[in-house]
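Engineer: Let me begin by handing over the structure; questions about it come next.
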Amino acid sequence: VWASWRQQPTGLIYPEGLSEGKVTLSCQARASPAATYRWRVNGTEVQVGMDPRYTLVAGNLVISGPQPGRDAGSYQCLAINRCGAIVSRAANLKFGFLHDFPPDVRSPQTAYEGVGTFLACQPPTHYPALSYRWYLNEFPNFLKPEDGRWFVSQLTGNLYLARAEPNDTGNYFCFTTINMDISTKSTFSKANQLTVLSDGGGPGSAPVIKVRFAAETYALSGRTTQLECYAYGNPVPKLRWRKVEGLLPAKAGKSAQSPTLTLPDLSFDDEGLYECEAYNSEGSDTYQGRINVQAQPEWLQVMSDSEVEISSELHWSCVAAGKPRPSIRWLRNGQPLSTQVNGGRLKIVNLALEDSGMYQCVAENKHGNVYSNGELRVQVQAPDFRLRPVRRLVPAARGGQVRMECRPRAAPKPTLFWSRGTEGVSSGRVTVTPDGVLMIHNISRADEGKYTCFAENYLGKANSTGHLSVRDATKITLAPSNADINQGDNATLQCHASHDPTMDLTFTWALNGAPLDLEDPAGPFHRVEGETVGDLLLVNGQLSQAGVYTCTAQTVVDGASSSAKLVVRGPPGPPGGLVVKNVAETSVELRWSRGYDNHSPIGKYIIMGRSTIASDWKRMRTEPVNIEGNAEMARVIGLLPWMDYEFQVIASNILGSGEPSVPSYIIRTQQSAPSVAPSGLGGGGGDRHELIITWTVRENTEYQNGDGFGYTLAFRAKGTESWTLVPIAHVDSSRYVHTNVSLSPYSPFEVKMKAFNRRGEGPFSQIAVVHSAEEEPTGAPASLNATALSAFEIQVSWVSVRQPSPEGILRGYEIRYWRQHEREAAADRIRTAGPGTAARVAGLRPSTRYHVAVLAYNSAGCGPSSPRTTVTTRRPPPNRPPGNVSWRTEGSSVTVRWDPVKALHNESAVLGYKVLYKHEGQASLKVLDQGQTSVKLPLPSDNGYLVLEIRSWGEGGDGAAHETIVSRDSGGPPRDMP
């Protein structure tokens, strides 16, 4: 007995030159008795026992030291047992290789700034396909094409540069990689030297598409296909893809705006014409090509195992789909069948025992093949009822009809006849079909009794008997009635019946001929229980549940049915045939056809839309504002020019809004002159003699209204009449720098701006005032004074410079300080903000002499320095905490004592002590004079504890702290903090 293949061989790419390895081609079949195996290569049997390089391991073919010249080819496995033989699918063993690049030096290339160019990879001979990367100057400094200026074609390996820049000069290397089943190999080219000549950036240029995908691309269903498109241009062009004959598949994802459009899991819906558009502020370029989806063969109908009697006929059919259309051929025990076949049909007449065996049909086209297996067993046998006797007790309903089958095992087909008792059966109500089925119509009680079937062929004879028992008929006594409900309502359909009391009665229901599941408690259909009652309860009725309901009362011998119609009223169905016509700059016309009203008249329509800059659907403005239910046309207004839109129409009635229509094709509104002025106009700062003007760049095309978009900038000195106009063609620009040596520092200018495109100019923005660049302050702070506050901090004060100043706006002051033995160039600096004339400088060293100077600054830099002064920080405080700390609790207070801290000769004198005590996040500080070395503190009333920090203080600052914990219920020596 054959079951199926457990493993079949699969194709393999083996590295050329790897002579020490092995290749294993798998083959395992499920068969009883167990199968033996043979192999063919290119149709010739593999001599496993005669060539030591071949080994058979449980059906698997192992090839040692494979070599291209003698081992490459198409391999098939044959599995054989006493039932016959079947052949596996073909598996190709191929050899992969990647040769080195030629050693020849490559010719240098020159490009001009702002102009596109490419470097050719010229890969060496190889198999299979390569992947390509490029690196610059040294490995592994690989180029990253995220900014869009670079593109590496995975078809040719060439490196493309949309717009060259001077810093692109260098040596470029093409790096190729090949991936095989068991290894990977890479190699790189000689240097491609590129020199980019600077000419100030060059003028802008419209896109020109240089990398074009094929005009006709053939791809396999279920696979991934990629289309490449890349353009030169200045500014660097952006790319977008669209499907000319419909919506671009959503699975394209982000690749829809990249040089490589990727479509995974191709289906026939993806077939069609695709367009790549490259665009920048100077113009656009497009290219179109078609994707044709083809498919490997796939079975629609296959053969199955058959047991057929001798001398009869066998009919087998195999039907396969695929593109191109597959051809079908047949095999018997692994050998081709040329007679008795007609395409996908196999017919064998007058079957003989030797026709038994394993048969296969093979569907194939240029993309692959599929196999279907079937076993044929030709039978020869005398009549035998042991496996299929006549049914012993056959109940039947009075007035109905009954079938009594006679199906003995026999080959060839036997002669069949029936008898009742000792008499043959023959009357107008009793018939016997050619295949031996006894049929009795309009049954009565007189038909009860024993019936015997006799079977005979040339090998022998046999018989089998059954008893016919007549019962009362089943009848519907209360039939379901037609009903009419609103969506969401409940409905009950009644159904009662009478039946023979000796049998069980069951009720079933069907909707439009499809049986209903009445056992799911979470479902909408429920049974109303009763011995002769089969009512149906529908909960929360929906539009899809309208139709013809049929109740069937059934016993084992007969049944009766009755039907009723249920109407469900609900919101309208989706409108159909939505088309967009008369596309203008800010409006379009929509036409549609009415959908189903679902038994409630359509009251109105609304139109939804979305653009490429907003993914959510929103309600659109229309003319007329309110679209009546009998309308099939409306105009959408208030659209943006030169914007892609798609639309939906939704119908509604008194029961609610229905499903939206299928979205329209994406359309683009006509171009118009810009209608919105640029925003965010401002500027200022920069170097001497510069006027810098800035504005807000809009990231999307919402306000461009057309291609060829740019800006016109106008500015003039405040108080003058004439404007200077500057065209700015780069849509991504956000600033303009005007340089003039006669510009006075911090001079006010009036600035305005408007947008333009190929259709005209928009309105000017409101006038903004922008100042030219400031110059450094010319005045220096005076009366500088520096005072030591502690060992680590000083106070600095000065007299401010003159304000307002013609050089610009004072931002603050810069304090420079450096130790006596250091140079001023190494000074530390801090800056203040605003006009204040005093500041503290912290983080200094104790007992150190510092030089200090102060300078005024604005956005242009610092002015001249004040006369310097000097200051010496105080001696440091003692770095020892108070010692021998002890305490004693007295009721609700505690007295803490410690030994005094004595300063060394290089430390500042102790002037007193500070005690910081903390409890539950609250802290208090007590400052004591020099003579006090104890303090009385309150204890917490909640039996909690105090955390104490005790330190000395003096002119040099605070000394080191002693930390301890004090609690009401503790005594003895204190516990130090960890």
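Placed from the backbone N, Cα and C atoms, the Cβ positions cover glycine too.
Below are the features listed in TrEMBL for this protein:
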- 9-94: domain 'Ig-like' (DOMAIN)
- 103-189: domain 'Ig-like' (DOMAIN)
- 207-292: domain 'Ig-like' (DOMAIN)
- 297-377: domain 'Ig-like' (DOMAIN)
- 383-469: domain 'Ig-like' (DOMAIN)
- 474-567: domain 'Ig-like' (DOMAIN)
- 574-672: domain 'Fibronectin type-III' (DOMAIN)
- 677-775: domain 'Fibronectin type-III' (DOMAIN)
- 780-876: domain 'Fibronectin type-III' (DOMAIN)
- 863-874: compositional bias 'Low complexity' (COMPBIAS)
- 863-889: region 'Disordered' (REGION)
- 878-973: domain 'Fibronectin type-III' (DOMAIN)
- 957-978: region 'Disordered' (REGION)
Engineer: Average pLDDT across the domain 'Ig-like' (474-567)?
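Structural biologist: Result for the domain 'Ig-like' (474-567): average pLDDT 93.
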Engineer: Is the domain 'Ig-like' (9-94) in contact with the domain 'Ig-like' (297-377), using at least 3 Cβ pairs under 8 Å (sequence separation of 6 or more) as the test?
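Structural biologist: Since 3 or more Cβ pairs under 8 Å link them, the domain 'Ig-like' (297-377) and the domain 'Ig-like' (9-94) do come into contact.
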Engineer: Counting a contact as 3 or more Cβ pairs under 8 Å, with residues at least 6 apart in sequence, do the domain 'Ig-like' (474-567) and the domain 'Ig-like' (207-292) touch?
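Structural biologist: Contact between the domain 'Ig-like' (474-567) and the domain 'Ig-like' (207-292): absent.
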Engineer: If you count every Cβ pair below 8 Å, which range out of 207-292, 677-775, 878-973 shares the most with the domain 'Ig-like' (103-189)?
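Structural biologist: Stretch with the highest Cβ contact count: 207-292.
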Engineer: Go through the chain and flag residues at least 6 beyond the ends of the compositional bias 'Low complexity' (863-874) whose CB is under 8 A from any CB in it; none is fine as an answer.
Structural biologist: 776-782, 784-788, 790-794, 798, 801, 816, 820, 844-857, 908, 955-957
Engineer: How does the domain 'Ig-like' (207-292) divide up by DSSP, counting helix, then strand, then coil residues?
Structural biologist: 11 helix, 48 strand, 27 coil
Engineer: For the domain 'Fibronectin type-III' (677-775), give the DSSP counts of helix residues, strand residues and coil residues.
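Structural biologist: Secondary-structure breakdown of the domain 'Fibronectin type-III' (677-775): 0 helix, 41 strand, 58 coil.
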Engineer: DSSP-wise, what's the residue breakdown of the domain 'Ig-like' (297-377) into helix, strand and coil?
Structural biologist: 3 helix, 52 strand, 26 coil
